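Q: Take this structure first; my questions come after.
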Amino acid sequence: MPTILGIESSCDDTSASIVKDGKVLSNVIANQSVHEAFGGVVPELASRVHQQNIIPTVHKAISDAKVSKNEINAVAFTRGPGLLGSLLVGSSFAKSFALALDIPLIEINHMQAHILAHFIDDPKPQFPFLCLTVSGGHTQIVKVNNYFEMELIGETTDDAAGEAFDKAAKMLGLPYPGGPLVDKYAQLGNANAYAFPEPQIPGLNFSFSGLKTSFLYFIRDKKKENPNFLEENMADVCASIQNRIVSVLMNKVKKAVKETGIKQVAIAGGVSANSGLRNSLLEAEKKLGWKVFIPKFEYCTDNAAMISIAGYYKYLQGEFVGQDVSPLARWEI
Ligand code: KG4
Ligand code: ZN
(Lines of atoms letter the chains of each structure in order from A and count residues from 1; the text may use other names and numbers.)
(Lines give C-alpha, C1' and ligand atoms only; values in the text may rest on other atoms or scores of the structure.)
(Ligands and ions follow the chains in the order given, each with its own letter.)
Protein backbone atom coordinates (compact mmCIF):
# COMPACT_ATOMS: atom_id res chain seq x y z
CA MET A 1 0.00 0.00 0.00
CA PRO A 2 1.44 3.33 -1.07
CA THR A 3 2.92 6.16 0.93
CA ILE A 4 2.48 9.48 -0.89
CA LEU A 5 4.19 12.82 -0.32
CA GLY A 6 1.91 15.70 -1.36
CA ILE A 7 3.12 19.24 -2.06
CA GLU A 8 0.95 22.36 -2.36
CA SER A 9 2.28 25.78 -3.38
CA SER A 10 -0.39 27.32 -5.63
CA CYS A 11 -0.86 30.60 -3.76
CA ASP A 12 0.67 31.86 -0.51
CA ASP A 13 0.75 28.71 1.66
CA THR A 14 3.58 26.21 1.43
CA SER A 15 2.30 22.83 2.52
CA ALA A 16 3.50 19.21 2.60
CA SER A 17 1.72 16.08 3.73
CA ILE A 18 2.21 12.34 3.98
CA VAL A 19 -0.68 9.97 3.24
CA LYS A 20 -0.21 6.26 3.87
CA ASP A 21 -2.83 3.74 2.70
CA GLY A 22 -5.31 6.60 2.25
CA LYS A 23 -4.77 7.97 5.77
CA VAL A 24 -3.28 11.39 6.51
CA LEU A 25 -0.20 10.99 8.74
CA SER A 26 0.93 14.62 8.54
CA ASN A 27 -0.17 17.96 7.10
CA VAL A 28 2.26 20.82 7.63
CA ILE A 29 1.35 24.33 6.48
CA ALA A 30 3.69 27.33 6.44
CA ASN A 31 1.67 30.55 6.06
CA GLN A 32 3.12 33.74 4.64
CA SER A 33 2.43 36.83 6.73
CA VAL A 34 4.53 39.01 4.41
CA HIS A 35 1.44 39.86 2.28
CA GLU A 36 -0.64 41.41 5.08
CA ALA A 37 1.00 44.80 4.70
CA PHE A 38 0.04 44.87 0.99
CA GLY A 39 -3.65 44.00 1.38
CA GLY A 40 -3.34 40.99 -0.95
CA VAL A 41 -0.94 38.31 -2.15
CA VAL A 42 2.11 39.71 -3.95
CA PRO A 43 3.09 36.96 -6.44
CA GLU A 44 6.81 37.74 -6.53
CA LEU A 45 7.07 37.73 -2.73
CA ALA A 46 4.99 34.54 -2.52
CA SER A 47 7.37 32.55 -4.72
CA ARG A 48 10.42 33.78 -2.79
CA VAL A 49 8.91 32.75 0.53
CA HIS A 50 7.92 29.35 -0.94
CA GLN A 51 11.60 28.86 -1.78
CA GLN A 52 12.55 29.52 1.84
CA ASN A 53 9.79 27.32 3.25
CA ILE A 54 9.65 24.31 0.97
CA ILE A 55 12.53 22.25 2.39
CA PRO A 56 11.75 22.74 6.12
CA THR A 57 8.03 22.12 5.41
CA VAL A 58 8.65 18.83 3.58
CA HIS A 59 11.19 17.82 6.22
CA LYS A 60 8.64 18.38 9.00
CA ALA A 61 5.89 16.53 7.11
CA ILE A 62 8.14 13.49 6.77
CA SER A 63 9.29 13.57 10.40
CA ASP A 64 5.76 14.23 11.79
CA ALA A 65 4.53 11.19 9.85
CA LYS A 66 7.36 9.08 11.34
CA VAL A 67 8.19 7.56 7.98
CA SER A 68 11.57 7.39 6.33
CA LYS A 69 12.20 9.15 3.03
CA ASN A 70 12.85 5.80 1.38
CA GLU A 71 9.35 4.53 2.22
CA ILE A 72 7.74 7.19 0.00
CA ASN A 73 6.31 5.59 -3.15
CA ALA A 74 5.31 8.70 -5.13
CA VAL A 75 5.26 12.50 -5.04
CA ALA A 76 2.03 14.34 -5.82
CA PHE A 77 2.17 18.08 -6.47
CA THR A 78 -0.19 20.91 -7.42
CA ARG A 79 0.34 21.56 -11.13
CA GLY A 80 -2.28 24.34 -11.22
CA PRO A 81 -4.32 26.45 -11.30
CA GLY A 82 -2.54 29.15 -9.32
CA LEU A 83 0.26 31.71 -9.36
CA LEU A 84 2.89 30.54 -11.82
CA GLY A 85 5.89 31.59 -9.73
CA SER A 86 4.47 29.83 -6.67
CA LEU A 87 3.57 26.68 -8.61
CA LEU A 88 7.10 26.56 -10.05
CA VAL A 89 8.65 26.21 -6.60
CA GLY A 90 6.46 23.25 -5.58
CA SER A 91 6.62 21.51 -8.95
CA SER A 92 10.41 21.91 -9.30
CA PHE A 93 10.89 20.54 -5.80
CA ALA A 94 8.54 17.61 -6.49
CA LYS A 95 10.32 16.78 -9.73
CA SER A 96 13.77 16.85 -8.10
CA PHE A 97 12.55 14.74 -5.17
CA ALA A 98 11.01 12.14 -7.51
CA LEU A 99 14.13 12.06 -9.65
CA ALA A 100 16.47 11.69 -6.69
CA LEU A 101 14.46 8.81 -5.16
CA ASP A 102 13.51 7.32 -8.54
CA ILE A 103 9.80 7.31 -7.72
CA PRO A 104 6.80 8.36 -9.84
CA LEU A 105 5.47 11.89 -10.08
CA ILE A 106 1.73 12.67 -9.90
CA GLU A 107 0.16 15.95 -11.12
CA ILE A 108 -2.83 17.29 -9.21
CA ASN A 109 -5.42 19.91 -10.14
CA HIS A 110 -5.79 22.17 -7.09
CA MET A 111 -9.57 22.56 -7.56
CA GLN A 112 -10.09 18.81 -7.85
CA ALA A 113 -8.00 18.37 -4.72
CA HIS A 114 -10.23 20.78 -2.74
CA ILE A 115 -13.13 18.47 -3.64
CA LEU A 116 -11.21 15.26 -2.93
CA ALA A 117 -10.50 16.54 0.60
CA HIS A 118 -13.87 14.89 1.32
CA PHE A 119 -12.15 11.52 0.97
CA ILE A 120 -9.76 12.16 3.87
CA ASP A 121 -12.22 11.32 6.66
CA ASP A 122 -15.49 9.43 7.04
CA PRO A 123 -18.31 9.74 6.09
CA LYS A 124 -17.29 10.02 2.45
CA PRO A 125 -19.78 11.13 -0.23
CA GLN A 126 -21.04 8.63 -2.82
CA PHE A 127 -20.80 9.43 -6.54
CA PRO A 128 -22.40 11.42 -8.02
CA PHE A 129 -22.48 14.38 -5.63
CA LEU A 130 -22.52 18.16 -6.00
CA CYS A 131 -19.71 20.30 -4.65
CA LEU A 132 -19.77 24.04 -4.10
CA THR A 133 -16.11 25.08 -4.34
CA VAL A 134 -15.59 28.52 -2.90
CA SER A 135 -12.11 29.98 -2.50
CA GLY A 136 -10.24 33.23 -2.97
CA GLY A 137 -9.91 32.60 -6.70
CA HIS A 138 -12.86 30.33 -7.58
CA THR A 139 -16.59 29.92 -7.12
CA GLN A 140 -17.87 26.80 -8.82
CA ILE A 141 -20.65 24.26 -8.63
CA VAL A 142 -19.22 20.94 -9.72
CA LYS A 143 -21.01 17.68 -10.44
CA VAL A 144 -18.58 15.04 -9.23
CA ASN A 145 -19.17 11.78 -11.13
CA ASN A 146 -15.98 10.04 -10.00
CA TYR A 147 -12.62 10.86 -8.38
CA PHE A 148 -11.27 12.59 -11.48
CA GLU A 149 -14.44 12.95 -13.53
CA MET A 150 -15.91 16.32 -12.69
CA GLU A 151 -18.35 18.55 -14.58
CA LEU A 152 -18.44 22.30 -14.06
CA ILE A 153 -22.14 23.25 -14.02
CA GLY A 154 -21.88 26.80 -12.62
CA GLU A 155 -19.19 29.39 -11.94
CA THR A 156 -18.65 33.04 -11.17
CA THR A 157 -18.71 35.51 -14.02
CA ASP A 158 -16.57 38.03 -12.10
CA ASP A 159 -15.30 37.93 -8.49
CA ALA A 160 -14.96 34.74 -6.44
CA ALA A 161 -16.88 34.38 -3.16
CA GLY A 162 -13.66 34.63 -1.12
CA GLU A 163 -12.74 37.74 -3.06
CA ALA A 164 -16.17 39.21 -2.28
CA PHE A 165 -15.52 38.59 1.44
CA ASP A 166 -11.97 39.98 1.23
CA LYS A 167 -13.00 43.09 -0.72
CA ALA A 168 -15.88 43.78 1.67
CA ALA A 169 -13.42 43.42 4.55
CA LYS A 170 -11.01 45.84 2.90
CA MET A 171 -13.79 48.44 2.58
CA LEU A 172 -14.41 47.97 6.30
CA GLY A 173 -10.75 48.64 7.02
CA LEU A 174 -10.02 45.04 8.10
CA PRO A 175 -6.62 43.49 7.30
CA TYR A 176 -6.08 40.93 4.51
CA PRO A 177 -7.36 38.23 4.17
CA GLY A 178 -10.51 39.68 5.68
CA GLY A 179 -12.94 36.78 5.07
CA PRO A 180 -12.34 35.08 8.44
CA LEU A 181 -12.62 38.46 10.25
CA VAL A 182 -15.94 39.29 8.60
CA ASP A 183 -17.12 35.86 9.78
CA LYS A 184 -15.92 36.56 13.32
CA TYR A 185 -17.77 39.89 13.57
CA ALA A 186 -20.81 38.44 11.80
CA GLN A 187 -21.28 35.94 14.60
CA LEU A 188 -21.92 38.85 16.99
CA GLY A 189 -24.28 40.80 14.72
CA ASN A 190 -27.80 40.90 13.27
CA ALA A 191 -27.83 39.41 9.76
CA ASN A 192 -31.02 41.30 8.86
CA ALA A 193 -29.82 44.73 9.98
CA TYR A 194 -29.09 45.91 6.41
CA ALA A 195 -30.38 44.59 3.10
CA PHE A 196 -28.11 44.27 0.04
CA PRO A 197 -29.47 43.44 -3.42
CA GLU A 198 -29.36 39.88 -4.73
CA PRO A 199 -27.67 39.71 -8.16
CA GLN A 200 -29.97 38.45 -10.92
CA ILE A 201 -27.78 36.08 -12.92
CA PRO A 202 -29.40 33.36 -15.03
CA GLY A 203 -28.69 29.64 -14.64
CA LEU A 204 -26.17 28.33 -12.12
CA ASN A 205 -23.61 31.11 -12.59
CA PHE A 206 -22.69 33.68 -9.95
CA SER A 207 -21.80 37.36 -9.91
CA PHE A 208 -20.49 39.39 -6.98
CA SER A 209 -19.33 42.62 -8.61
CA GLY A 210 -22.73 44.39 -8.34
CA LEU A 211 -22.93 43.49 -4.68
CA LYS A 212 -19.43 44.87 -4.17
CA THR A 213 -20.43 48.21 -5.71
CA SER A 214 -23.63 48.52 -3.69
CA PHE A 215 -21.66 47.72 -0.51
CA LEU A 216 -19.14 50.44 -1.36
CA TYR A 217 -21.92 53.05 -1.81
CA PHE A 218 -23.68 51.85 1.32
CA ILE A 219 -20.56 52.42 3.43
CA ARG A 220 -19.83 55.77 1.78
CA ASP A 221 -23.37 57.04 2.48
CA LYS A 222 -23.51 55.75 6.05
CA LYS A 223 -20.13 57.31 6.86
CA LYS A 224 -21.39 60.63 5.50
CA GLU A 225 -24.29 60.50 7.96
CA ASN A 226 -22.12 59.32 10.84
CA PRO A 227 -18.32 59.20 10.69
CA ASN A 228 -18.30 56.54 13.43
CA PHE A 229 -20.83 54.33 11.65
CA LEU A 230 -18.44 51.43 11.10
CA GLU A 231 -16.97 51.46 14.61
CA GLU A 232 -20.48 51.42 16.05
CA ASN A 233 -22.03 48.87 13.71
CA MET A 234 -19.24 46.55 12.56
CA ALA A 235 -20.94 43.35 13.74
CA ASP A 236 -24.29 44.14 12.09
CA VAL A 237 -22.63 45.24 8.83
CA CYS A 238 -20.49 42.07 8.69
CA ALA A 239 -23.47 39.85 9.55
CA SER A 240 -25.59 41.49 6.83
CA ILE A 241 -23.02 41.31 4.02
CA GLN A 242 -22.14 37.73 4.98
CA ASN A 243 -25.83 36.88 4.97
CA ARG A 244 -26.16 38.15 1.39
CA ILE A 245 -23.02 36.41 0.06
CA VAL A 246 -24.15 33.15 1.68
CA SER A 247 -27.70 33.47 0.33
CA VAL A 248 -26.35 34.02 -3.21
CA LEU A 249 -24.35 30.80 -2.87
CA MET A 250 -27.17 28.83 -1.26
CA ASN A 251 -29.81 29.87 -3.81
CA LYS A 252 -27.66 28.59 -6.68
CA VAL A 253 -26.90 25.34 -4.90
CA LYS A 254 -30.62 24.83 -4.27
CA LYS A 255 -31.22 25.39 -7.98
CA ALA A 256 -28.47 22.89 -8.86
CA VAL A 257 -30.03 20.27 -6.56
CA LYS A 258 -33.41 20.82 -8.24
CA GLU A 259 -31.96 20.57 -11.75
CA THR A 260 -29.78 17.50 -11.19
CA GLY A 261 -31.89 15.68 -8.61
CA ILE A 262 -28.67 15.08 -6.62
CA LYS A 263 -29.16 15.73 -2.90
CA GLN A 264 -25.65 14.98 -1.67
CA VAL A 265 -24.03 18.39 -1.33
CA ALA A 266 -20.42 19.04 -0.35
CA ILE A 267 -18.53 22.30 0.11
CA ALA A 268 -14.84 22.90 -0.48
CA GLY A 269 -12.29 25.72 -0.55
CA GLY A 270 -11.37 28.41 1.94
CA VAL A 271 -14.84 29.97 2.20
CA SER A 272 -16.28 26.63 3.36
CA ALA A 273 -14.77 27.60 6.72
CA ASN A 274 -17.45 30.30 6.91
CA SER A 275 -19.87 29.77 9.80
CA GLY A 276 -22.83 31.34 7.97
CA LEU A 277 -22.41 29.01 4.99
CA ARG A 278 -21.97 25.98 7.25
CA ASN A 279 -25.12 26.82 9.22
CA SER A 280 -27.18 27.40 6.06
CA LEU A 281 -26.09 24.03 4.69
CA LEU A 282 -26.94 22.25 7.93
CA GLU A 283 -30.34 23.94 7.87
CA ALA A 284 -30.91 22.75 4.29
CA GLU A 285 -29.93 19.25 5.38
CA LYS A 286 -32.68 19.32 8.01
CA LYS A 287 -35.36 21.08 5.96
CA LEU A 288 -34.72 19.78 2.45
CA GLY A 289 -33.48 16.26 3.16
CA TRP A 290 -30.01 16.86 1.74
CA LYS A 291 -26.95 14.93 2.86
CA VAL A 292 -24.33 17.58 3.51
CA PHE A 293 -20.54 17.11 3.62
CA ILE A 294 -18.44 19.79 5.31
CA PRO A 295 -14.69 19.22 5.55
CA LYS A 296 -12.75 19.62 8.77
CA PHE A 297 -11.58 23.20 9.19
CA GLU A 298 -7.91 22.36 8.48
CA TYR A 299 -8.86 20.77 5.13
CA CYS A 300 -10.98 23.74 3.94
CA THR A 301 -8.22 26.23 3.24
CA ASP A 302 -5.15 25.40 1.15
CA ASN A 303 -3.35 22.33 2.47
CA ALA A 304 -1.25 19.46 1.13
CA ALA A 305 -3.34 16.69 2.74
CA MET A 306 -5.85 17.17 -0.07
CA ILE A 307 -2.99 16.94 -2.60
CA SER A 308 -1.61 13.71 -1.16
CA ILE A 309 -5.08 12.11 -0.87
CA ALA A 310 -5.79 13.02 -4.53
CA GLY A 311 -2.33 11.62 -5.31
CA TYR A 312 -3.24 8.39 -3.52
CA TYR A 313 -6.26 7.85 -5.80
CA LYS A 314 -4.19 8.66 -8.91
CA TYR A 315 -1.50 6.25 -7.71
CA LEU A 316 -4.11 3.48 -7.48
CA GLN A 317 -5.07 4.24 -11.09
CA GLY A 318 -1.39 4.29 -12.17
CA GLU A 319 -1.64 7.87 -13.45
CA PHE A 320 1.85 9.34 -13.49
CA VAL A 321 3.57 12.17 -15.37
CA GLY A 322 7.10 12.63 -16.73
CA GLN A 323 9.85 15.09 -15.78
CA ASP A 324 8.80 17.32 -18.70
CA VAL A 325 5.62 18.40 -16.88
CA SER A 326 5.32 22.16 -16.27
CA PRO A 327 2.89 24.14 -14.08
CA LEU A 328 -0.33 25.66 -15.40
CA ALA A 329 -1.62 29.01 -14.12
CA ARG A 330 -5.04 28.10 -15.57
CA TRP A 331 -6.38 24.56 -15.66
CA GLU A 332 -10.01 23.57 -16.06
CA ILE A 333 -11.34 21.19 -13.44
O1 KG4 B 1 -8.99 27.95 -0.69
P2 KG4 B 1 -8.24 29.08 -0.08
O3 KG4 B 1 -7.47 28.82 1.19
O4 KG4 B 1 -7.20 29.70 -1.08
C5 KG4 B 1 -7.47 29.83 -2.43
O6 KG4 B 1 -7.20 28.87 -3.18
O7 KG4 B 1 -8.01 30.92 -2.77
O8 KG4 B 1 -9.30 30.26 0.16
C9 KG4 B 1 -8.93 31.49 0.71
C10 KG4 B 1 -10.16 32.37 0.76
C11 KG4 B 1 -9.86 33.81 1.15
O12 KG4 B 1 -10.58 34.68 0.30
C13 KG4 B 1 -10.39 33.92 2.59
O14 KG4 B 1 -10.79 35.20 2.96
C15 KG4 B 1 -11.56 32.98 2.52
O16 KG4 B 1 -11.10 31.89 1.76
N17 KG4 B 1 -11.98 32.52 3.86
C18 KG4 B 1 -13.16 32.87 4.43
C19 KG4 B 1 -13.18 32.25 5.71
N20 KG4 B 1 -12.01 31.56 5.88
C21 KG4 B 1 -11.30 31.73 4.72
N22 KG4 B 1 -14.17 33.61 3.98
C23 KG4 B 1 -15.23 33.77 4.78
N24 KG4 B 1 -15.33 33.23 6.02
C25 KG4 B 1 -14.34 32.46 6.52
N26 KG4 B 1 -14.45 31.92 7.74
ZN1 ZN C 1 -7.43 26.74 -2.71
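Including glycine, each Cβ sits where the backbone N, Cα and C put it.
Note: TrEMBL annotation is automatic and uncurated.
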Q: TrEMBL has Thr133, Val134, Ser135, Gly136, Gly137, Gly179, Asp183, Asn274 down as binding substrate; which of Asp121, Asp122, Asp166 does it also list for that site?
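A: My reading of TrEMBL gives Asp166 as the candidate in that site.
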Q: Given TrEMBL annotates His110, His114 as Fe cation-binding, which of Asp236, Asp302 belongs to that site as well?
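A: So the Fe cation site in TrEMBL includes His110, His114 plus, from the candidates Asp236, Asp302, Asp302.
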Q: For the substrate binding site, please report the maximum Cα-Cα distance among Thr133, Val134, Ser135, Gly136, Gly137, Asp166, Gly179, Asp183, Asn274 in Å.
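A: Greatest Cα-Cα span of the listed binding residues: 18 Å.
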Q: Should we count any of the binding-site residues Thr133, Ser135, Gly179, Asp302 as near ligand 2, judged by a CB under 6 A from one of its atoms, and which?
A: Ser135, Asp302
Q: Please go through the binding-site residues His110, Thr133, Ser135 one by one and keep those whose C-beta falls under 6 A from any atom of ligand 1; give the result in sequence order.
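A: By the Cβ criterion, which requires under 6 Å to ligand 1, the hits are Ser135.
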Q: Same chain only, sequence gap of 6 or more: which residues have a CB within under 8 Å of the CB of Thr133 (substrate binding site)?
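A: Set apart from Thr133 (substrate binding site) by at least 6 residues yet with Cβ under 8 Å, we have Met111, His114, Ile115, Thr139, Gln140, Ile141, Val142, Ile267, Ala268, Gly269.
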